[in-house]
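Engineer: Below you'll find the structure I mean.
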Amino acid sequence: MKKNTLLKVGLCVGLLGTIQFVSTISSVQASQKVEKTVIKNETGTISISQLNKNVWVHTELGSFNGEAVPSNGLVLNTSKGLVLVDSSWDDKLTKELIEMVEKKFQKRVTDVIITHAHADRIGGIKTLKERGIKAHSTALTAELAKKNGYEEPLGDLQTVTNLKFGNMKVETFYPGKGHTEDNIVVWLPQYNILVGGCLVKSTSAKDLGNVADAYVNEWSTSIENVLKRYRNINAVVPGHGEVGDKGLLLHTLDLLK
């Protein structure tokens, strides 16, 4: 990865909080009832939505260009503690998110994986450091974070890094430039779940969104690299918008044409 481009403080965007009300969504799959829970805070700025027993999507509502925009990450419930994929817009939301999930699961957040150096991903880095939570990132993301005025994450992730948190296997992958120079994706091989982050657009997205730091001419190649590496995908979590499947990657390619 080249380290010569300064990212502007941009956003990918978010929705999260404290545990105040629970709504249950029922669906029938293979003649078996599956309960999926959504937990929100009082103000609706923070929510966590269940994908399966051990994987939840966290969503925070942040502000970008004067508009409220929801931003997604993950909560991984492992045998050794909780792991987040991305923090939130700022320290206030990140603190509230951490308190919310630690109360829900009765476990401590031990690690966070930062997928790039925009505010909606790394905005809570100060809170992470204050709480002794390990913030994993690529070296490029750490460098760009410092340039953008944030405290540095660890910079310990390579092009491909395989991690294990208790019973949870996690792979991080740098597919190339796209939404930013440093964007990575996160793969959960036990569930075939891909966290596309802001590299991947939701089906409701009509354009590429914030492209202040984008490499539009290289973005398609990076999406193709993800498709080549992960051929059996059950679910894709975009940086913003609804969870989908492999079709989100194909939709992103269409937007890039």
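Each Cβ is built from the backbone N, Cα and C atoms, and glycine gets one as well.
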Engineer: Out of His58, His179, His240, which one does Swiss-Prot list together with His116, His118 for Zn(2+) 1?
Structural biologist: His179
Engineer: Please work out which residue of His116, His118, Lys201 has the most C-beta neighbours within 10 angstroms of its C-beta, and give that one of the binding-site residues.
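Structural biologist: By the 10 Å Cβ neighbour count, His118 comes out on top.
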Engineer: To the nearest Å, how far is the Cα of His116 (Zn(2+) 1 binding site) from the Cα of Asn210 (substrate binding site)?
Structural biologist: 14
Engineer: Using only C-alpha positions, which one of His118, His179, Asn210 is spatially nearest Cys198 (Zn(2+) 2 binding site)? These are the binding-site residues in the record.
Structural biologist: His179
Engineer: Whole-number Å only: compute the distance from the Cα of His240 (Zn(2+) 2 binding site) to the Cα of Asn210 (substrate binding site).
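Structural biologist: With the alpha carbons as reference points, the distance is 11 Å.
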